Amino acid sequence: MSSSATAVLFDAPGPRARLRNNILTLVGVIIILGVAYFVWARFSEAGQFDSKLWTPFLDPGVWQGMILPGLVGTLSAAALSIVLALLCGAVFGLGRLSDHWWIRWPSGVVVEFFRAIPVLLMIFFAQAGAFELFGYTMPAFTAVVIGLTLYNGSVLAEVFKAGILAVPKGQSEAAYSLGLRKGGVLRLILLPQAVTAMMPAIVSQMVVALKDSALGYIISYEDLLNTGFRQLPNNFGNLVPAAIVISLVYIVLNLALTYLATALERRSRRSRKSTAKPVSLAAVTGGTSTGE
Amino acid sequence: MDALLSNLPQVLDGFWSTIRLTVMSAICSLILGTVLATMRVAPTPVLRGAGTFYVNALRNTPLTLVLLFCSLGISNVLQLNFSDEPSMNGYWFAILGLSAYTSAFVCEAIRSGINTVPLGQAEAARAVGLTFLQSLRLIILPQAFRRVVGPLGSVLVALTKNTTVVIVAGYTEAAFVMNEMIYEGSGTVGIFLGFALGFVILTLPTGFFFTWLAKRLAVGQ
């Protein structure tokens with residue numbers, strides 16, 4: 001990845017450039033070591049290298065009793081919301097491409113509205129609104145899933161729209177000329193090719209859903225952040241080590257998903273099953289996949 | 001709706017905090033993000049590695065954890081503080097967390113902008129004898145920045161929405177005010193719609209403006 005970036009900017013270095021690069025490396029190493037020393041000094045001053053703060057992570061009981069149940073909570077909330085979000089995305093994404101203005105416009109309003117407001121607001125409202133309107137005490141899990149579904153659903157609606165628009169026009173023209181109707185063209189020609197093209201974007205959106213599920217911490221949902229960063233430090237007083245271990249779990253999960261997305265994109269670029277170019281999340285949302 | 005009007009000063013205060021957090025974090029993360037992007041395309045493997053490490057770590061950690069770590073970890077455990085006054089301290093820790101997280105996305109936006117500049121441009125710049133910095137300043141960056149405007153706009157919109165997560169660091173902004181008002185039992189639907197409208201007013205025009213700007217600045221390929 002970096003080699004393609006660097007290839008743009010500079011030639012194979014000559015003797016002077018090599019010297020300059022070496023000096024730059026040295027300066028870089030000194031700065032990085034300086035930062036590392038600062039962190040190390042602070043940590044040891046606050047006694048964060050005490051073995052009793054770190055040994056809980058070697059205890060299988062801690063993993064079985066706290067971290068893994070939390071991880072299950074995180075994964076189940078994220079998985080359920082991405083499935084529901086796919087349904088929402090399909091409905092509203094296709095709605096935005098409808099030939100009827102009375103379907104197109106409301107779909108557009110819904111998608112833009114839920115993309116414009118913070119997920120946290122939706123989560124708060126889902127819980128409080130359910131109680132006030134229906135007298136129903138909503139479990140934190142449901143509130144998190146509703147918030148994540150609405151937000152990710154509206155992003156995925158844009159992905160669906162872009163995926164279908166990415167199928168070349170000739171495909172649907174050919175299908176119409178064979179006598180297929182609107183529904184048939186969509187179901188038999190456009191959707192199968194669009195789904196292949198959308199896969200990388202959908203997997204990237206899973207990273208966003210997974211990270212956003214940590215918002216459940218705020219309404220005391222038993223997710224990885226809650227068990228690993230509230231209950232665990234409450235028992236062992238190891239807040240900083242817990243933060244490091246928990247973030248590592250998130251990072252490994254998300255990097256694996258990102259890797260999968262890249263692999264899928266490469267495959268769908270090669271694939272001859274679809275005439276559509278793969279849709280990247282960045283192209284659809286106009287930027288990087290910045291979840292909460 | 002009555003609840004919103006009778007509490008108007010608090011509501012506006014909340015949104016004013018949201019705006020201040022957004023603007024300050026946007027400035028900080030733009031600076032830090034540009035530095036990181038420069039590191040990630042630098043000719044030295046050490047700097048590239050450090051940049052990649054930072055971006056991968058921060059981009060894949062939930063913002064909630066980043067902000068909690070700032071307020072609980074750095075402030076309480078490591079005893080590093082910005083100010084003795086709690087509200088100022090909370091404000092700067094919120095900005096620290098938001099900028100640390102957002103700068104990873106800014107870096108990726110800028111880096112992908114640099115990567116979309118056709119290879120021939122840089123080769124031509126080198127062929128006419130421009131040095132690394134000259135070709136970066138005169139050829140690559142002017143083209144890259146135009147392509148980066150759109151993605152940076154959506155990072156800004158995301159940042160505006162992300163300021164609500166600051167609630168975990170105990171700093172009062174719009175989401176905090178909304179939660180308080182709901183908790184006091186002054187209705188939910190009206191309050192939610194009011195706050196949602198506030199965020200729509202903040203984010204939609206920003207999004208439209210950056211889309212317009214990106215189209216206007218786009219260079220023909």
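Each Cβ is built from the backbone N, Cα and C atoms, and glycine gets one as well.
According to TrEMBL, the feature transmembrane segment maps to B:15-39 (among others). When Cβ-Cβ distances below 8 Å are used as the criterion, the transmembrane segment (B:15-39) is approached by residues 47-48, 50-51, 54-55, 91, 94-95, 98-111, 114, 152, 156, 159-160, 163-164, 166, 171-174, 198, 202 of the same chain, each at least six residues removed from its ends.
Taken from TrEMBL, the feature domain 'ABC transmembrane type-1' applies to B:15-210.
Annotation source TrEMBL lists transmembrane segment at B:60-78 (among others).
Counting same-chain residues at least six beyond the ends of the transmembrane segment (B:90-110), those with a Cβ under 8 angstroms from any Cβ of the stretch are 20-21, 24-26, 28-30, 32-34, 36-37, 40, 51, 54-55, 58-59, 61, 63, 66-67, 69-71, 74-75, 82-83, 144, 148, 151-152, 155, 158-159, 162-163, 166, 169-171. Residues or ranges marked as transmembrane segment in TrEMBL: B:90-110 (among others).
TrEMBL lists B:148-171 (among others) with the feature transmembrane segment. Long-range contacts of the transmembrane segment (B:148-171) within its own chain (CB-CB distance under 8 A, at least 6 residues past either end) are made by residues 17-18, 21-22, 25-26, 29-30, 63-64, 67-68, 70-71, 87, 90-91, 93-94, 97-98, 101-102, 105-106, 109-110, 112-113, 179, 199, 202-203, 206-207, 209-211, 213-214, 217.
The transmembrane segment feature in TrEMBL is assigned to B:191-214 (among others). Same-chain residues lying 6+ beyond the ends of the transmembrane segment (B:191-214) with a Cβ under 8 Å from its Cβ atoms: 1, 3-4, 11, 15, 18-19, 22, 146, 149-150, 152-154, 156-157, 160-161, 174-175, 177-178, 181-182.
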